[in-house]
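Colleague: For reference, the structure I am asking about is given below.
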C-alpha cells in the first residue's frame, strides 16, 4: 500500500511539474520584461547577483527583507561554475523566475509530508486522499499563479511550511531558524513562527486539560450557566499559568521561538517599524472586515467542505436555538463593518487586480451589500470553525489569534495575504472524502485555467501608456 502511495505521489508531482514547466514557458514568452511588483524585485535581485549588496543599491520602494534575493543568488550563481554560463544568463529574468518554480516543487513535497504528520493515521485516511489533498493544495489558484512570477509567495510558503513541519516533529531549533528564513521573505511570517510556538503550548495545554477532565473529583467547583465551559477553561488556564513548573517546561520547549521573538522586537526598534522602504502605503490599522473577507475567501475555495445542506441545516438550528447570541454577533459584526471598513488607495488605483473589480463593481456600487453579507460572513466563520472541531480547543485558539494578528492590521484588501492562513487551515481539517477532493481539484483546475487564460490572452493598455497590462490576482 505504501509503495502504491509512493507511485501515486511521484506521478502527481511529475505531472504537476510538467504542466508548470509548460505554463512557465508560456509566461516567459508573454512576459519579456518585469511585470507589476517584479519591477522592484527583479532589478534588486540582479544587483545582488552582480555582487552589489550595499545599502546604497537598495530600492527604497521594496518593503520586504531580501530573503528572496539572497536565496535566488545562492541557487543561480553556482550555475556559472557548474555549467560555465555567463552572468547575463544566470541573472536573467527567466532564471530568477525559475527559482519560484523550484520552490513550488519543494512546497508540493512539504504539503505531502505535512498531511502525513498532521492527519491522524487511521484506515479511513487512504493514500489517494493524502495524495489528492496534496495535489489540490499545490495548485491552489492564488498560490499557484505566483509560482510563475518573481514574487515572495512561493519562498515564503516554503520556509513557513518547513518550519511548521519541523515544529510538528519536535525539532524546535530548526523550526525557529526556518521561521527566521520565512521572516526574511515577508515580515508578517513572524506570526507563523509564533504559531509554531503556540502549537507546542497548545499540545501541552491539551494534555493537561485532558488530565483535568479525567479526574474523578474536580478541584474546581461545578459551574453552571451559558458560558460554563468557557469559564471552566479560563479557570484552568489561570491555574496552569500560575505554576512555575508549567511555565519553566513551556520555556524549555519554546526558547528558540522566544529568542526569535526578541530578534524580531530588536528589528522593529532599530528599523522604527515592521515595514522597510516605502511605509506610507503600508500603515497598520484595525481593519476588522479583513476577517470577513478571509472567511468569504475560504468559503469560496473550500465550498465542497464548508457548504452543504447538512451544514446549513445545522447552522440554522443553532441560530434558532441561540437566537440572542446570533443577534449580538450580527450587531457587533455590522458595527465593525460600519466603522472599520477601509479602501486602500492601491485598491482603487490599479485595475489590473481582481480585487479592484470586486470592490468597485460590488461593494462600492451597492453600499448596503456589505451589511447584507454579514449573516453570510457569520456562517462562513462558523463553518470554518466547525470544520476544525477535530483539533483541540487550544490549537483553535492559537490559530485564530494568529489569523487575527496577520490579517486585521492590513489596510489593503489583497488575496495574497490570505494564502498562508488558508493553507494552514486546509492542512488541519479532517481529510475529506475522495469525491469532495475531486470536486475541489476540478474547481481549482477550472479557476486556474480561466485566470491563466485571461492573464496571457486578455491584455489591455492604459490611455497614457504603451505598456501591455494584464489581469491577475
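Positions of Cβ are set from backbone N, Cα and C atoms, glycine also.
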Colleague: For residue 434 and residue 460, give whether Swiss-Prot records them on the same side of the membrane.
Modeller: no
Colleague: Given 225-245, 393-413, which one carries Swiss-Prot's transmembrane segment label?
Modeller: 393-413
Colleague: Among 176-196, 197-217, find the range that Swiss-Prot records as transmembrane segment.
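Modeller: Of the candidate stretches, Swiss-Prot labels 176-196 as transmembrane segment.
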Colleague: What residues in the same chain, six or more past the boundaries of the transmembrane segment (7-27), come closer than 8 Å to it by Cβ-Cβ distance?
Modeller: 97-98, 101, 104-105, 108-109, 112, 127-128, 131, 134-135, 138-139, 147-149, 452, 456
Colleague: Are the transmembrane segment (318-338) and the transmembrane segment (257-277) near each other by the rule of at least 3 C-beta pairs under 8 angstroms (pairs 6 or more apart)?
Modeller: no
Colleague: Let me know the model's mean pLDDT on the topological domain 'Extracellular' (278-283).
Modeller: 80
Colleague: Mind checking which residues reach the topological domain 'Extracellular' (414-436)? Cβ under 8 Å, same chain, six or more beyond either end.
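Modeller: That would be 111, 114-115, 118-119, 124-126, 128-130, 132-133, 137, 140, 142-143, 146, 151, 153, 156-157, 160-161, 164, 188-189, 192, 195, 290, 293-294, 297-298, 301-302, 304-305, 353-355, 384, 387-388, 390-391, 395, 399, 402-403, 406-407, 473.
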Colleague: Please report, as numbers and ranges, the same-chain residues at least 6 past the borders of the transmembrane segment (393-413) whose CB is under 8 Å from any CB of it.
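Modeller: For the transmembrane segment (393-413), the sequence-distant neighbours (Cβ-Cβ under 8 Å, at least 6 residues beyond its ends) are 188, 191-192, 194-195, 198-199, 201-203, 205-206, 209, 233, 281-288, 290-291, 293-294, 342, 344, 346-347, 355, 358-359, 385, 420-421, 424-425, 428.
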